[in-house]
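**Q** Please see the structure below; I have some questions.
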Amino acid sequence: MFITRWLFSTNHKDIGTLYLLFGAWAGMVGTALSLLIRAELGQPGTLLGDDQIYNVIVTAHAFIMIFFMVMPIMIGGFGNWLVPLMIGAPDMAFPRMNNMSFWLLPPSFLLLLASSMVEAGAGTGWTVYPPLAGNLAHAGASVDLTIFSLHLAGISSILGAINFITTIINMKPPAMTQYQTPLFVWSVLVTAVLLLLSLPVLAAGITMLLTDRNLNTTFFDPAGGGDPILYQHLFWFFGHPEVYILILPGFGMISHIVTYYSGKKEPFGYMGMVWAMMSIGFLGFIVWAHHMFTVGMDVDTRAYFTSATMIIAIPTGVKVFSWLATLHGGNIKWSPAMLWALGFIFLFTVGGLTGMLLANSSLDIVLHDTYYVVAHFHYVLSMGAVFAIMGGFVHWFPLFSGYTLNLTWAKIHFIIMFVGVNLTFFPQHFLGLSGMPRRYSDYPDAYTMWNTVSSMGSFISLTAVMLMIFMIWEAFASKREVDVVELTPTNLEWLHGCPPPYHTFEEPAFVKV
């Protein structure tokens, strides 16, 4: 019974739970790796050997956090759990394909871990640029294992994307129009389209790299008429939409949380929010070369990518100000989930501002591959995506489990995490402006102070992670039942109680407008 329920599951709630558990476990591995990085950089001098092992840790940290933590939790966990409930569907459109999407991830994770264990490991950074990733600079199986791992994770995401698109377009009840769909459902739809369009390009790029390494092709080798810059174009055509894939479901969750805890019936500017997400999704595909300002593009090309990148700030600003307008005049409830949402809005905006600075091709020449870039994307990921995940988790935990967290501890947890991540990443702006480059295991002692501060912050974040594990244990141990939840048009997922029955919406639902 246990085997049939959890191994062969076709139930969206069970698969969502599997995704959440897998993402939490992978997140702890990724956090451990990030602490190794910060321990190495906590003071000048060497801690862990040479730069190769350091870069293997950096590479594994990036891949694990992106492909095995943020995406499984946001799209697999929250997406599977909430999308069918929010649109009144009995399950996902392809329940068995849903199961396969999940079970492709553990083998993929295993291959990634194997890549860091065999030979010298893949010390390429998550971008896996040739010629460093070629068979001379990285002889052995490591990079090949990484490529296979990415293939499996990519197939998993593509299948999941097909499933979500079909479910959202096809499985709404007849009375529900696309414009009565909750914003989280919209965000998952846009995310799924981005995945479906960008992942095949990554698959092509890394397959060409695989044949360059093993079958003597020369796609990326100038000696045979190839060009390593081609790989960068292919990778970033995937890589830039990918960062929007990581944040868009978070936008959807934040919209729900802000609306709910402001005591509002609906978010401010619903259609504006929908159009903003679709604009971000479209623009995300036409700005990729802003990651490549230093490879020597024409000045007019650089001008275009600078301008196009800055345009993305407009729909993003629409979303930020709509969240603030949703808060305005509301009866605000300072719950832990609301704290995460407010922290998200502030810190994501800070990360967006540093991104505006980096969008300038001339400034980026100076700041490229320094800690300024690291600070920028960790503000939008470590304090954007992660804060959205945490807010969504404490908000929907009663729905998933039927029990409530201790709200005092949840607030303390937020404060510790807030202090920790800011102490970790704010000083990295200073390091970057002072010219400290990324992906080095050591540094001149002029950079000691801010690196030490940054490493202290990372250990504060670690205590926050440990407190969260304890909070979850405490909730299941204490078994506090859930009070009745007020139903509004934006939180129909609570309709069936906490937790909902194994099968929901077995008959078509009707939407009263």
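Keep in mind that glycine also has a Cβ here, set from the backbone N, Cα and C atoms.
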**Q** Per Swiss-Prot, is T46 on the side of the membrane where S434 is?
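**A** Yes, same side.
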**Q** Determine which of S434, S441, S454, S455 appears in Swiss-Prot for the same Na(+) site as E40, G45.
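**A** Checking S434, S441, S454, S455 against Swiss-Prot: the Na(+) site match is S441.
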**Q** Among H240, H376, H378, find me the residue Swiss-Prot lists at the same Cu cation site as H290, H291.
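**A** Swiss-Prot lists H290, H291 binding Cu cation, and from H240, H376, H378 it also lists H240.
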**Q** Short question: which residues 6 or more past the ends of the topological domain 'Mitochondrial intermembrane' (213-227) have a Cβ under 8 Å from it?
**A** 130-131, 133-135, 143-144
**Q** Mind looking up the mean pLDDT for the topological domain 'Mitochondrial matrix' (1-11) in the predicted model?
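**A** Value for the topological domain 'Mitochondrial matrix' (1-11), mean pLDDT as a whole number: 94.
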**Q** Please tell me whether the transmembrane segment (51-86) and the transmembrane segment (371-400) touch - that is, whether there are at least 3 C-beta pairs under 8 Å between them, with each pair 6 or more apart in sequence.
**A** yes
**Q** Is the transmembrane segment (270-286) in contact with the transmembrane segment (371-400), using three or more Cβ pairs under 8 angstroms as the rule and ignoring pairs under 6 apart in sequence?
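**A** No, since the transmembrane segment (371-400) and the transmembrane segment (270-286) share fewer than 3 Cβ pairs closer than 8 Å, they do not count as touching.
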**Q** If you count Cβ atoms within 10 Å of each one, which of the binding-site residues H368, H376 comes out on top?
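**A** Top count of Cβ atoms within 10 Å goes to H376.
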**Q** Does the transmembrane segment (299-327) make contact with the transmembrane segment (228-261) through 3 or more Cβ pairs under 8 Å, each pair 6 or more apart in sequence?
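**A** Counting Cβ pairs under 8 Å, at least 3, so yes.
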**Q** Measure from the CA atom of H376 (heme a3 binding site) to the CA atom of D369 (Mg(2+) binding site) and give the result in Å, rounded to a whole number.
**A** 11
